[in-house]
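Asker: As annotated in TrEMBL:
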type	residues	note
DOMAIN	1-107	domain 'CMP/dCMP-type deaminase'
BINDING	47, 77, 80	Zn(2+) binding site
ACT_SITE	49	active site, proton donor
Ligand SMILES: [Zn+2]
């Protein structure tokens, strides 16, 4: 989560909503990193999780991320929760809860929906205060600026 936070800070410095993500393989090695770059890339799917999962899949040479874990500073949205199911991730670890758009337990619970045949394990609210503080600071700055 410390690495994901570092990614989030990079997004912050770029003027992007500060969300960062990493993907770890079964041995705990980082195989993908990403931070939100929706503004810079003009890409509606430019969320930290998607970028980290793409990098991880590229490094493994395949789309299946079985055995891997996604670690992200903010509870994933519906798109990213869906992508983590599609990627067959073993585990989704997140920091701050997103009561407005979260799809891993808040508004929806996409990854634990029993109708889906793959359900990643969820570990919620890891370093949640630190992850949330970065977002609060970002939006406070934006209101002032
Ligand atoms: Zn997302």
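Glycine residues also receive a Cβ, built from the backbone N, Cα and C atoms like all the rest.
Unlike curated records, TrEMBL annotations are generated automatically.
Source: prediction; values computed, not measured.
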Asker: Based on Cβ atoms within 10 Å, give me the single least packed residue among the binding-site residues 77, 80.
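Answerer: Comparing Cβ neighbours within 10 Å for the binding-site residues 77, 80, 77 has the fewest.
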Asker: If you draw a 10 Å sphere on the Cβ of residue 47 (Zn(2+) binding site), how many other Cβ atoms land inside?
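Answerer: I get 25 for this one.
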Asker: Determine, to the nearest whole angstrom, how far the Cα atom of residue 77 (Zn(2+) binding site) is from the Cα atom of residue 49 (active site, proton donor).
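Answerer: One finds 10 Å between the Cα atoms of these residues.
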Asker: Sort out the sequence-distant neighbours of residue 49 (active site, proton donor) for me: same chain, 6+ apart, CB within less than 8 Å of its CB, listed by position.
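Answerer: For residue 49 (active site, proton donor), the qualifying residues are 21, 34, 70, 72, 76, 80, 83, 84.
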Asker: In DSSP terms, helix, strand or coil for residue 80 (Zn(2+) binding site)?
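Answerer: Helix, per DSSP.
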Asker: Name them in sequence order: residues not among 47, 77, 80 whose Cβ is within 8 Å of the mean position of the Cβ atoms defining the Zn(2+) site.
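Answerer: Leaving out the recorded residues gives 48, 49, 50, 76, 78, 79, 81, 83, 103.
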Asker: Going by DSSP assignments with H, G and I as helix and E and B as strand, what are the residue counts for the domain 'CMP/dCMP-type deaminase' (1-107)?
Answerer: 38 helix, 24 strand, 45 coil
